[in-house]
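So the structure is just underneath, and the comments pick up after that.
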Amino acid sequence: MANRWTNTLKDNDVTPESAYLNRRQLMAGAAAGVGLAGIGGQAQAKESLEPNSWEDITQYNNFYEFGTGKTDPAANAHMLTTQPWTVRIDGMVDKPGDFAFEDIMKAMTIEERIYRLRCVEAWSMVVPWNGFELADMLNLAGVQSGAKYVAFETLLRPEEMPGTRYRVIDWPYVEGLRLDEAMHPLTIMATGIYGKDIPNQNGAPLRLVVPWKYGFKSIKSVVRVTLTDKEPPTSWNKTLPNEYKFYSNVNPNVDHPRWSQATERKIGGGLFSQRIPTLMFNGYEEEVAPLYEGMDLVKHF
Ligand SMILES: Nc1nc2c(c(=O)[nH]1)N[C@H]1C(S)=C(S)[C@@H](COP(=O)(O)O)O[C@H]1N2
Ligand SMILES: [Mo]
């Protein structure tokens, strides 16, 4: 399929951060001249997104299966075995089954997407992901007409995941999207960062990225994807139902019961990391607001 973002990267391309940034600047120049086609191009052209460093992105993580501290995933996720890896796609699909990660990759076109990531804890980053549209993976299995939601599940392998010894949540980590959210072209499965394979602490070998929702919706190390006609349970809603609901769209006007969501701290500024205003739908309002037309975003937060 056409690449609507920048260059097409193969999964084995390695892009050093410096070369990557240079290419980005070139692309920004090109965008100013002729404009980039497609949805990602519009978002990119609106303002230049400066990606966080490889260190920021891979050393400051939430991946509770490896511990609840921000540096625990980087310290512990090397224990995770990601080969072989299969994703079970089941439920309301024509061809349910176990899909080998390599076979999925062969069928997909890998693109770059530079997205904001806004954690519900009010910090944020900008991440240059590599990946493919979730819609393309779902179409491999053939979504049936009655399907309305997509449920996701993370691997649960306690011997490789020291954090799962503690019942912080009811493991495995599960998440869900409405089918139209899942099929939206901004929704991707990420398999890389900065042109390299995605590190374990970021959700290897493949993780969901839904850039207009709080980070916890972007479930890591996915082993199962189930098409269903019922709203699926989600881990943080099950754990703290008054604080986290199904949609979890980034919204500066709806505070968390225990803190404001009006601003965020951008990681990487060191001691002087400044707070910046949080944007409606994390800056993707133009692209995704139509999905929620007529919906009460305060009630369905
Ligand atoms: N399986 C799983 N997925 C997860 C989490 C987790 O603890 N377990 N944390 C979520 C949260 S709260 C955030 S903010 C993002 C963080 O992604 P990153 O570490 O790649 O920045 O992953 C999300 N996906
Ligand atoms: Mo988060």
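Each residue, glycine too, has its Cβ placed from N, Cα and C.
Bear in mind that TrEMBL entries carry predicted annotations, made automatically and left uncurated.
Per TrEMBL, the candidate among Thr154, Thr263, Thr278 that belongs to the Mo-molybdopterin site alongside Asn61, Tyr64, Glu65, Cys119, Asn202, Arg207, Ser218, Ile219, Lys220 is Thr154. Only Asn61, Ile219, in sequence order, out of the binding-site residues Asn61, Arg207, Ile219 have a CB under 6 Å from ligand 1. For the Mo-molybdopterin site, whose binding residues are given in the record as Asn61, Tyr64, Glu65, Cys119, Thr154, Asn202, Arg207, Ser218, Ile219, Lys220, the maximum C-alpha distance rounds to 18 Å.
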